[in-house]
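Below is one structure; the comments refer to it alone.
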Protein chains: 4
Amino acid sequence: MTKLNQIKTIAILTGGGDAPGLNAVIRAAVRTALGRGLTVWGIKNGFGGMVENKMMQLTDESVAGILPRGGTILGTTNRDNPFNYPQTQAGAVIYTDMSARALNNLRQAGIEALIVIGGDGTIKIAGEFHQLGLPVVAVPKTIDNDIPVTERTFGFDTAVGVATDALDRLHTTAESHHRVMVLEVMGRYAGWIALHAGMAGGADCILIPEIPFNTGSVIAKIKERQQRGRQFSLIVIAEGAHALGGEISIARIVEGSHEKVRLGGIGEKLAREIEELTGMESRCTVLGHVQRGGTPTAFDRVLSTRYGVAAAQSVLAGHFGIMVSLQKNRIIRVPIADIAGKANNITPEDELLLAGRAIGVCFGD
Amino acid sequence: MTKLNQIKTIAILTGGGDAPGLNAVIRAAVRTALGRGLTVWGIKNGFGGMVENKMMQLTDESVAGILPRGGTILGTTNRDNPFNYPQTQAGAVIYTDMSARALNNLRQAGIEALIVIGGDGTIKIAGEFHQLGLPVVAVPKTIDNDIPVTERTFGFDTAVGVATDALDRLHTTAESHHRVMVLEVMGRYAGWIALHAGMAGGADCILIPEIPFNTGSVIAKIKERQQRGRQFSLIVIAEGAHALGGEISIARIVEGSHEKVRLGGIGEKLAREIEELTGMESRCTVLGHVQRGGTPTAFDRVLSTRYGVAAAQSVLAGHFGIMVSLQKNRIIRVPIADIAGKANNITPEDELLLAGRAIGVCFGD
Amino acid sequence: MTKLNQIKTIAILTGGGDAPGLNAVIRAAVRTALGRGLTVWGIKNGFGGMVENKMMQLTDESVAGILPRGGTILGTTNRDNPFNYPQTQAGAVIYTDMSARALNNLRQAGIEALIVIGGDGTIKIAGEFHQLGLPVVAVPKTIDNDIPVTERTFGFDTAVGVATDALDRLHTTAESHHRVMVLEVMGRYAGWIALHAGMAGGADCILIPEIPFNTGSVIAKIKERQQRGRQFSLIVIAEGAHALGGEISIARIVEGSHEKVRLGGIGEKLAREIEELTGMESRCTVLGHVQRGGTPTAFDRVLSTRYGVAAAQSVLAGHFGIMVSLQKNRIIRVPIADIAGKANNITPEDELLLAGRAIGVCFGD
Amino acid sequence: MTKLNQIKTIAILTGGGDAPGLNAVIRAAVRTALGRGLTVWGIKNGFGGMVENKMMQLTDESVAGILPRGGTILGTTNRDNPFNYPQTQAGAVIYTDMSARALNNLRQAGIEALIVIGGDGTIKIAGEFHQLGLPVVAVPKTIDNDIPVTERTFGFDTAVGVATDALDRLHTTAESHHRVMVLEVMGRYAGWIALHAGMAGGADCILIPEIPFNTGSVIAKIKERQQRGRQFSLIVIAEGAHALGGEISIARIVEGSHEKVRLGGIGEKLAREIEELTGMESRCTVLGHVQRGGTPTAFDRVLSTRYGVAAAQSVLAGHFGIMVSLQKNRIIRVPIADIAGKANNITPEDELLLAGRAIGVCFGD
């Protein structure tokens, strides 16, 4: 960790996909920094704005009223990497290293340190800039809660809330109409949203990327419920979940012949399989982007504020090359280097997973 | 209209798809009828339960606490028609007229009149029973608001609310990420949900079944916004909307070769087309069943209660063969026969459609 | 009604208390007017800003993103009347007629017509300016839905929704804890919020200003429920409801001796009386300002948009001296003069009131 | 800690005030216990039901669908202590020790162990029964989050969410109308709800029982904001907050003369004081019971489920005399004896309190 004092001017940047709470982090970092006499710039549209020199000064006025708003006032993109920057020349896109230009832009503006709010990819780039001498503090951002060494990321609680609301709505229809309702939620590599929303919404099966599922187990669960007089079932499935072996066959054939067409995802495939194997009407809903926008929950606003304050305080303390992180419910600082190559997945010993097993939830295994 | 007095025992039945407010209608009808000394039965699982003789008595206790709950305590199905009733014999499904058996079941139970809550199909069957001498009162039910001679059906306000919440969430992401967000909502033949949610959520384009859309108009709207510095657009599209001519071409090819596979709907196709033609990231969200379940809004609970009371009062007044209906904000009674073959579609003179045009919404024409 | 054509520049003003949907009205009026080539000014802080000459130009940019936001971007006040305008001179507040100055300010800015969004008092002042030759179009605004000749005002649906949510929350506690829960809602002269929220939230008693209540009837209802095994009751009371005769005695003594101190309102008094007379724990919640702020419901956003478009279209059509109004679910125009001295109260024949009686709600009579 | 094995029959009881999540705890404990072959009884209406022998068997069916519902299916009361049990004899209430009768009732029903869900008082009684030989497991319940040795109690997140929603609504009105809005929230001894909701809702001042407030500091904050052009302020105050010295004088005189009358609380008093000292319109809203009822947030449903599973597993493991507790985000078991005489208050070093100070929130000191 680098130590620097006497920093007078900083910038903030948001990168990657949307997550409710981004504005709350910005507000907290800006207000903390301004309160200690710093000048704060916002870099627009992620790392692209650093290359293109698009900035706006952030004052107390800039961050007024943004706490409850989704999105980011700075704009963002999840495409531009200054170390491999796309440029259109003579009709073709070529990629060049524009990191020196990006650094120079900051230098020209008198910016001495950078707070970067983003996911895996964004933080990796932040680490590379740190290696080049730019003092950097990172704030982890992911809806999926899959960033390592931090227990809970902002936006996750909101996503879980949206998915749970959806489950509550599907529940009444499933029950009245004797249906199997499948809800596909976000989570490519980690099943945190599915696990939490499934437990909160009373799902009968929760299928996550960490546990390849056996369609037979899901069918058995549905039938066991039928025998107890429950003529419906609720299933939550993470978009990244996958079946063991060759069970979801109908879908695979289609997929094989049209690989480039985005067909229905795993949830749709599972619903079709269930309908075929049980004869019960089955429907799939894919929540998609609704999970990652809009006003954050109170929990996420508080968590975002804590992250934002902690990031600014790390700058003020002269600690750089770190990511602020939540561990055992406290915000700590961990070296950016420490998170490389790690993941945050649900383990077989996860307490909530075990609680699910205790109350009879089927995890497809 | 038949007139009957001295009715002592009635039954209630819910048919067709789910709609928030079904329980509120049941509660209001039951409480009104019990308050006037009637005995009330509930027929389970729609017309199927009438054939299979599945009933439960409905008391004040049965309807306690159900006002805010989605679904229907009676259960429902959108498949069973007693006049053409499916039965499995020797492995094959054959269809028979079981209407006499159904009527006999009611007679055995002493049921003298029937309140039927359902959509087009359900009300048509109710009308046929009425022809056979069963005194019937119908309550219109459709999320899509497309039942003729009634201005507003219960459940519609809730569906619009859910879709509007989704738009609010997509809005912040679209704005921060410079995206085109497409939201596909319910509405096969009528675009009411799309029109109302689009207007409530500030959509830039609203595409409805009543107006075949020109993709070029949509693209022009998106580009006109870009030129004014708005790097994002929100589009609401009804599931039953369709493009003029041959514009949505990519999707059609795929569909041609795999007709039986439910591919992405019109929203997904439009998003792909927009991305290709504008170069802007475009995403589609399909709300699906989330729109038709769960707790009804206050508006829908009030409307449902009005319908339920009016239905029971029509029974008490001895007026049968009618559907209760909302016209000019008052509940009236219209002969079931009068609704046959009619539809409730958005006309070119619709006030809200014209209001949309006045504020610059693109309707694809 | 005055007719004027060729108007080029207009202004908009919001007056009186807050109501969800004000911004949606502004947005719709501005977009409609801009779309037809007008220049639009916003007058800040109600009629006070007209006297003090505080204005801002309203562009497409000014109204971007305000549709879902509560409050008004123009600011407002419910105190300043230009015809009787408060000014501090030598420590004392004196009141003068500043209407000429207010008119002159508009004239200087080239403003030829004014859209006024406000309640009774605000519209009355608008009418006086119209008499003085300023072309005026009014838009009715009241949470309480008590403006005459218009069926439904924007903000009302949101207020009812907030009150219904509160009832849903109180319901579960009342039921689990065997309590009487009293919810006091807005409505000084008209009981619309109480009636609609009470019906939507399943209240056992609904007490409104239009029907002076007999505490004995309320107690009888609570006891009748107890005898049927319902150990709890929910009561909604409008702030302007009042008891017949001398029943709410404890409270009155206190009030007599400390008239200037705002004691608990009618809801608190009723809760104390019920606890004393039934021995059941009784609690009162006063929702207050939570009912009139925040994001509007989808219904209110649509209604506000309709009002805003209609107001601008009335200006474009050269019809002034009118208020846009909702009648039989259509927006029409009525002369401002026609609303003077009228009220919009719940009548004994009101359909929803009668529906309440039909399902056994006690109205205190 | 007592260790017992071979337990076959247990009971569950809920005591004290309402908290969203009670049903979710019951459901999780019942399903966990049933899944391991136990028989489970529910004791109705808290410890009163133990004395009066009111019980119901809890099956899988009993807990179906209760996860999202507020309240408790078992009923509860916050008045009855079996060790000092109220009974009416000859018109007078006398208190007797009925603990032996209560224990005998359990014994007769074959109940070998008891899960008690409740607050301080309830858990204290549970501890006394444990001393008398009844194997007991306690689950902490408090909206206020003020139970010692547990970081987060269920229901707290929901209460904070409700209060934050209210702040969001008040915010828009305050801003549009240039007002000071005071929101009084629950928290007699601990300011957790005020702190979290205040931080989530962007309050300018947060006043908590742990920090006696100086009205002058609050006024200074409001004026400092006015000077920066912010014509409004938001204040969150816990019901148990109190002013230093003699500042809130108007109210105190009234209170002195009518001690038994519940006057407006501290929030109302503060609002009046602010209005008098700043001349700004100030309004107070008291959320009251709305904070502790209704459907729990997803977070609280997950937390409740974890508590319920952990309680049942402690029974299955034969560990009694303990309370399940959340520490460093894990559920552990602590001896009931260890919590006696302790509290969970906000300390000056609390991270969120310090974050509030960093972003400029006034805590009244």
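Residue 1 is the first one shown; counting continues down the chain.
Just so it is clear, glycine is given a Cβ too, placed from its N, Cα and C backbone atoms.
Cross-referencing D:Gly17, D:Gly21, D:Gly35, D:Gly37 with the ATP binding residues that TrEMBL gives (D:Arg79, D:Asp80, D:Gly119, D:Asp120, D:Gly121, D:Thr122) picks out D:Gly17. Across the structure, D:Asp120 (ATP binding site) and D:Arg283 (substrate binding site) are spaced 34 Å apart at their Cα atoms.
For D:Thr122 (ATP binding site), the Cβ neighbour count at a 10 Å cut-off comes to 26, with all displayed protein chains included. Counting Cβ atoms from all protein chains shown, D:Thr142 (substrate binding site) has 26 others lying within 10 Å of its own Cβ.
D:Gly17 (ATP binding site) and D:Thr142 (substrate binding site) are 8 Å apart (CA-CA, integer value). Separation of the C-alpha atoms of D:Gly119 (ATP binding site) and D:Arg292 (substrate binding site): 14 Å, rounded to the nearest whole number.
Separation of the C-alpha atoms of D:Val290 (substrate binding site) and D:Asp144 (active site, proton acceptor): 14 Å, rounded to the nearest whole number. Proximity to chain C, defined as a CB-CB distance below 8 A, holds for none of the binding-site residues D:Asp80, D:Gly119, D:Thr142, D:Met186, D:Arg188. Binding-site extent for substrate: residues D:Thr142, D:Ile143, D:Asp144, D:Arg179, D:Met186, D:Gly187, D:Arg188, D:Glu239, D:Arg283, D:His289, D:Val290, D:Gln291, D:Arg292, maximum pairwise Cα distance 33 Å (rounded to the nearest whole number). Cβ contacts within 10 Å of D:Gly119 (ATP binding site), excluding its own Cβ and spanning all protein chains shown: 20. All chains included, 19 other C-beta atoms sit within 10 angstroms of the C-beta of D:Asp120 (ATP binding site). All protein chains shown were included, and the count of other CB atoms within 10 Å of the CB of D:Arg79 (ATP binding site) stands at 15.
Taking the C-alpha positions, the distance from D:Gly121 (ATP binding site) to D:Asp144 (active site, proton acceptor) comes to 14 Å.
Site extent for ATP: the farthest pair of Cα atoms among D:Gly17, D:Arg79, D:Asp80, D:Gly119, D:Asp120, D:Gly121, D:Thr122 sits 14 Å apart.
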